[in-house]
Structure formats: C-alpha cells, structure tokens
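These notes are about the structure you will find just below.
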Ligand SMILES: CC(=O)SCCNC(=O)CCNC(=O)[C@H](O)C(C)(C)COP(=O)(O)OP(=O)(O)OC[C@H]1O[C@@H](n2cnc3c(N)ncnc32)[C@H](O)[C@@H]1OP(=O)(O)O
Ligand SMILES: CC(C)C(=O)C(=O)O
C-alpha cells in the first residue's frame, strides 16, 4: 500500500511573503477554508511574532478550521516560540515550526555564529517548544547548501530534543534534483534516530526546479511536502501544490498517496489568485488558462480523436470543465470542422477545404478566431442578428466617487442602450453591458496586463465569462483600459451559443 504523503500548505505564510499578496484576517480565513476543503493536512497560518495582525490571523484561523493541523512559524528564539504557542491556543491540533540556518553562509554571515553554537540554539529551541505544544517541527534553513556531516548531526540532535518532523529546506532553490534527493537519502541512511521523525521537503523555485526537487525528496524517503497553491512564495516561489499532487497521481511508481481532493484544485487556485492579486501565468502547469487549451492543428486533431493523445490529465480531475480547442492560423481542418459543427455547419470534403482556405487568410491577420469570425466565414449562412456588436461606449469617473458609463450595443439586429454606475468606469461599463444581455453571465476572471511600462502602453484584457456552467474567454487589446474591457466582454459573449447571450 502507498505511504501517506502529508501535504503541508504554506500559502498563508511563505506565499503571503510575496510583495502585494498580503491578506487581512478575513481573507486569510477564506483561503484557510478553501485549503481545508481541498484536503491539506497541515496549514501554516503565519509567523505570529512578526506583527499583531499575523498573530490574530493565526488565532482566528485556528478557530475557523478544524481538519488540518494549524502550524505557526518562529525563529529559534524563545520569545518567537512563546508567541507562536499563544497564537495556537484555539487550534484543535497545533504545531510549532521552529528552526535556524545551517549552511556555512547562514551560520557565518547571517547569524554571525559558529556551528556548535547554532546546534545548541536549535536543540534549546526544540526543547522549549516541546514544553509548550505536543507537535514540533524543526527547519534546517538553507539545508540545500549545508555541509552534509553537520546536517546529519543537526537532524539527529533535534530529533533527540523532541522534533517529530524535520524540514530540509532548499531555501535558495540551489539544488539539482539528484543533489536534493541525495541529501534526503543521506539523512535516511545516516541519522540514527530518523525513524522517530518525518522528513519534510521545502523547495524554492529559483532555478525552476522546486517541483522536481520535491519529487526527488519524496522518492528518497521524505513523507511531508511543503507547498503553496500556484507556487507562490518568496522570490521565484515555492513548490506548487497542484504540480506535486498531480505528478504523484499521474505516476503510480511514486509510492505515496495524498488526501487532496484534486477536483477542487482549479477553484482553490482561482480564489487565492484573486484574493492575493496574483495573476496566474497562462502556461502555468495544471492551473494556467492554457494548461488544457490546444491551439495547433496536429494537436487539435489528436485531441479530437482521443483526448489522451495530448493530455496526461483529464481536466475534470482538477476541476476544469473541459479542454478547449482554440482556432488560430496553426489550426487544421479537424479543429475548424469541430467548431463549425458546433455552430450547426457539418462540413465535409471540398466544402470544408474551401472554407478552410478562407479561414487561413483570416487567421493570419487575427490572433483568435471566435464565433463571429466563423459565422462571417460561412457567408450566406451568416447570422448577423445573433451577434453582439459594441456600437458606442462613453464613461466617466471621479476619484472617490466611482464611475458611470453608457453603452450602446446591437443585439439581435436591434440597437439598445443602457447606463450604469459602478465602483469605477470599468465596473460601470460591464454593468451597462450586462443590463442589455437577456441571459445571466458571470464575470469569473478578469486580467489586465500592460505590455511594457509606459502610461501610453497598449493593455491586453482577458476575461472569462461563465454561462450555464461553461467558460467563454474574451480578449481585447487597446490603449484605453475601459474600452478594452468592454471589447473583451463582448468578444466572450460572441463565443456563446445564441440562446445563452
Ligand atoms: C527562511 C525564513 O525564515 S522564511 C520566514 C521569513 N519571514 C519573515 O522574515 C517575516 C517575519 N519576520 C519579521 O517580522 C521580523 O524579521 C522578525 C520579527 C522575525 C524579526 O525582526 P527584527 O528583530 O527587527 O530583526 P531583523 O528582521 O532585522 O533581523 C533578523 C534577526 O533574526 C536573526 N535570525 C534569522 N533567522 C533566525 C532564526 N531562524 N533563529 C534565530 N535567529 C534568526 C538574524 O540573524 C537577525 O538577528 P540580528 O538582528 O541579531 O542580526
Ligand atoms: C522557514 C523555512 C521553512 C523557509 O521558508 C525556507 O527555508 O525557505
């Protein structure tokens, strides 16, 4: 039977260290509840000594969630450890995570100490923590660059002092997978009391190797992995939860199993991205917008014949409704035929060839081909009346007073106008458009990116609208953010079947 792999989530601690990602207590509770529903085993809720707000968050999270172990971080400093213990007083099961730097760099240049004195501090800290809580985890900071013999002695000493989990961080993201795996193997083979503790991985992504290193650690005997949702964390980030969990699920030869409810991955990822104002790169493994999108002809043909030709994960397993076939100038007949048949045009043979030729000319001049473009390609079958056309947009906003907007759309062959107010001009424009649409659509994801850095820059807007449980993506680029937002919304509407608009 597979061993249990303990999933230690540090989104609310290491993840929250990212500039701009700081959350208030209510937001942290929302994230903690989402992580509990996802099935994480240990939830690192914060670093309580760092501020009164963080102390309060750890305490409130301890009250709000009951399934995961709640963990509080501290330095190897008695005051930190005492405050961490105090913050955990409402936790059903609390854990103190204390530790100290163990590499030559940290001992000499950060702590300005000696290996012997650092070992003494580590042991003292673990003993102090064990007097306050049952469960103590020790982190050997910068273990990835530590002298191996010293690391073995340190791990043995902290286990003897009462640590039940020993975390071996590659704090600087320096190790190669073979090197990190060898460190874990070294500890498993040389620490005399290792059976009394669980070894944990905590890898950073400075060389893009965090997931590979974590898996190497697991293959060599680690049974707890420290991860964050979407891989967020200090500098280049931490190991991403979704990558490790899905790698383990996809590779039965890794002899461990997790308790993660993988179907909740996508939703949890979105909740965290939204609350932390941290966009997910489109090509991010598992949770990126393009993780299940196929845009080139050979791949599209393969996926349409059998999804598994180009997908190793069923998108439903991570909570994504279905893969998407995106029409571009690199698409072939199979993808075009698929989209046309969804629109009610079952073309074959020379008829399909003829439309495909015209499609390629259009696709060379346009990055993304949607329903509107396909209908216009179909010429006499064109259903102009079914399309939404943005005829006019006017808006204004004043600091502290939100915004107002008027929008005129042509919809079903008829021109309609609407005005609305919102918390800013973009919100007001979207509200105006929604008032003109007979069916309910939910704006589920909204990303604005500037291409370079100037105030005269073109911005690119991506929106994901949900209608009857299905996602529709809209894109637009403009120098005017409000106009780009309106156009992206309309672009997504035009990708929906007629009855849903
Ligand atoms: C690898 C990680 O630790 S990841 C966690 C990183 N997260 C954070 O740092 C966020 C929370 N941190 C904080 O709020 C503050 O840094 C505090 C409250 C911990 C300390 O604040 P200050 O007392 O002002 O110290 P400051 O941050 O300037 O410097 C850190 C001090 O801790 C020491 N230190 C660093 N790590 C450890 C450790 N694990 N154990 C003991 N001492 C440590 C440093 O050597 C330095 O000591 P010095 O002032 O004697 O040189
Ligand atoms: C506190 C420890 C676990 C850490 O974040 C690191 O070493 O990167």
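Glycine residues also receive a Cβ, built from the backbone N, Cα and C atoms like all the rest.
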Query: In TrEMBL, 202, 204, 238 are given as binding Mn(2+), so which of 14, 26, 41 is in that site too?
result: 14
Query: To what whole number does the mean pLDDT across the region 'Regulatory domain' (389-501) round?
result: 88
- request: By Cβ count within 10 Å, point out the most packed of the binding-site residues listed: 202, 204.
  value: 202
- request: Have a look at the binding-site residues (14, 238) and report the one with the fewest Cβ neighbours inside 10 Å.
  value: 14
Message: Taking 8 Å from the centroid of the Cβ atoms of 14, 202, 204, 238 as the cut-off, which other residues in that chain fall inside it around the Mn(2+) site?
response: 10, 169, 171, 203, 205, 210, 226, 227, 228, 233, 234, 237, 239
Message: Taking ligand 2 as the reference and 6 angstroms as the Cβ limit (strictly under), which binding-site residues among 14, 202, 238 are close?
response: 14, 202
